[in-house]
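All remarks here apply to the structure that follows.
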């Protein structure tokens with residue numbers, strides 16, 4: 001199997017933590033604001049205005065322009081901590097890439113906002129800088145109160161005050177969208193109103209949300225009532241996402257209360273048309289626009305600010321505004337494929353009800369790790385809908401239990417009546433009222449086991465999120481004991497077994513899940529991933545087939561089946577499935593990457609590059625795709641562009657060992673041994689278990705004249721991989737350079753015992769024999785080598801090996 005590919009599975013079903021719960025889980029030492037008087041560039045800190053899990057905001061003074069400003073500092077507490085010298089450093093090498101990646105997004109957001117000079121309704125960004133190991137965004141210090149504070153005081157806004165808010169917010173937001181950015185966190189707390197009633201939208205959340213969607217440790221926390229449903233899933237977001245949030249904010253302003261959360265509305269939509277709640281206080285066009293903006297389905301909302309403005313101005317609605325409940329579907333998830341040979345790494349990112357893990361390896365001998373940025377777009381697709389499904393199941397079971405209890409009570413009452421016991425007559429008269437009450441609402445005793453089981457499932461999901469699979473399995477097992485008919489509990493436990501690599505138990509649980517729920521497509525997909533883990537591609541394909549049959553638009557199942565076909569050597573069908581996955585999910589970056597891998601294996605380099613190009617366009621931080629494209633460019637002889645790709649991958653992920661190794665290979669081919677040694681050395685430092693890296697380092701050092709070190713490097717390569725004929729050749733060459741002819745011959749003999757037709761080994765041994773005075777043996781070896789490769793003498797002469 002090509003371990004540059006990744007497998008896709010579906011998630012367990014954890015709850016979304018509240019903001020308070022998320023705050024309680026923050027590291028105790030994470031928030032250390034800069035002290036008053038601290039200097040950042042030309043800015044002097046005055047005081048701390050606010051702080052959170054993503055960063056800290058200060059009031060500061062611009063010493064050159066003599067004005068007060070607001071400064072936001074990038075300080076994601078789960079990834080970084082402040083040092084005594086004010087610098088900010090990643091907490092560990094494991095999170096260093098996420099920290100740097102988030103910093104780049106933070107700066108990109110700052111650059112975009114800085115270009116929007118003096119846009120009404122949007123906070124002005126004056127400057128941005130990168131110092132102390134982190135980044136800072138310098139903004140206008142907006143004075144006033146938040147809309148949240150005003151609503152807390154006044155409850156609702158008068159029509160004229162509400163209408164004064166809209167024009168600047170809409171115009172500013174339209175320009176932000178045109179620049180390719182979203183706010184992603186519009187709510188009353190993020191709108192400041194100055195003394196003249198003018199609003200300013202603050203605290204853009206694009207970089208924060210992107211980072212939350214990339215890694216497991218930052219829980220994505222959205223404000224209930226204002227976040228669109230797609231923000232609880234991995235569905236595509238766009239201007240319609242901000243429009244929902246602004247519509248919800250307007251709803252609060254008009255009605256006096258925040259609307260129900262979008263994920264709750266998916267279960268039971270209690271949101272009434274806003275006109276029913278405001279008693280004619282506002283213009284009909286405004287009310288119609290609010291209702292349109294708050295449609296649950298993204299496709300039913302305005303797709304742009306300009307379209308929304310048309311309706312706000314009195315234009316007709318282009319769609320019927322209705323409360324429609326979407327079909328509940330399962331949520332896909334990106335799952336790591338551990339590299340063979342004992343190496344394994346696993347991270348989990350929870351987003352709504354999703355868990356993302358990505359680990360990739362290439363060529364069967366390389367191992368590297370990266371949390372897929374593409375997964376933040378696709379890994380938890382419709383995950384919150386799975387919670388809807390679970391809640392509906394629990395509600396249905398509780399109602400069935402209540403009905404059953406009521407029926408049993410009625411039966412007992414009838415029995416009592418037939419017995420004609422006068423002493424029980426008063427109770428018999430009362431008996432019908434009790435069952436009727438029970439029938440009207442779920443019986444608490446009957447519902448208790450289901451509630452307890454659900455609590456165990458939620459705790460299990462939390463443990464799985466932390467990678468504590470054994471504890472997760474214990475919780476799921478308790479849930480199953482309480483409610484043995486819950487297919488989702490078996491599914492979740494199977495998912496946890498998959499997470500720890502216990503594929504046999506995973507298969508048992510997924511099998512029980514589909515026995516209880518034969519239509520549960522995500523369980524068939526999960527079992528397919530487990531069979532994949534056992535290298536049973538045929539059974540995996542059978543399960544992916546069933547998942548696709550149940551859910552024809554299941555892009556992740558097509559993707560996984562493509563991987564299985566690739567492993568079976570059926571490249572054409574693998575390409576078909578990857579293509580179908582891409583058709584269903586056009587932003588499926590990893591599918592482009594994996595299809596590129598298949599084209600590369602078929603020698604269709606131009607098509608491979610096209611797919612890698614698309615993967616990188618969708619996710620510019622996709623280091624694996626950059627590395628893969630670099631590999632193909634090497635195959636095409638385009639070393640300059642290959643070095644560019646490897647260098648970009650290293651810039652994004654400075655601990656990307658294989659990228660250093662591959663760039664070292666290119667420098668070695670060019671004869672730039674000094675740079676090759678630098679890159680191979682760094683790769684070996686980052687991944688000391690990679691035998692190929694040590695071999696490359698040995699070869700480069702031997703040719704650079706560092707022969708003693710070369711011997712040590714080749715010996716380390718052979719310790720890690722004893723059957724590496726190439727390393728034996730390289731060490732033989734080093735011994736030859738040192739004049740240790742007997743050891744050189746021993747190594748060449750060993751290489752030839754592995755492959756008797758190695759021209760390099762024959763030629764090297766021939767030279768050693770000639771130098772020992774064995775003319776017959778030496779000439780015979782050189783003749784045999786020349787018969788295998790007529791250019792061998794010229795090749796070896798470049799390395800200083802000649803008679």
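Even glycines carry a Cβ here, placed using N, Cα and C.
Per TrEMBL, the listed range annotated as region 'Disordered' is 1-29 (candidates: 1-29, 30-58). Non-local contacts of residue 72 (ATP binding site) by the CB criterion (under 8 A, 6+ apart in sequence, same chain) comprise 55, 56, 57, 58, 136, 137, 139. Mean model confidence of the repeat 'TPR' (555-588) amounts to 93 (pLDDT, 0 to 100 scale).
Classification of residue 72 (ATP binding site) by DSSP places it within a strand. DSSP states for the repeat 'TPR' (623-656), grouped as helix (H, G, I), strand (E, B) and coil, give 27 helix, 0 strand, 7 coil. According to DSSP, the repeat 'TPR' (521-554) comprises 27 helix, 0 strand, 7 coil.
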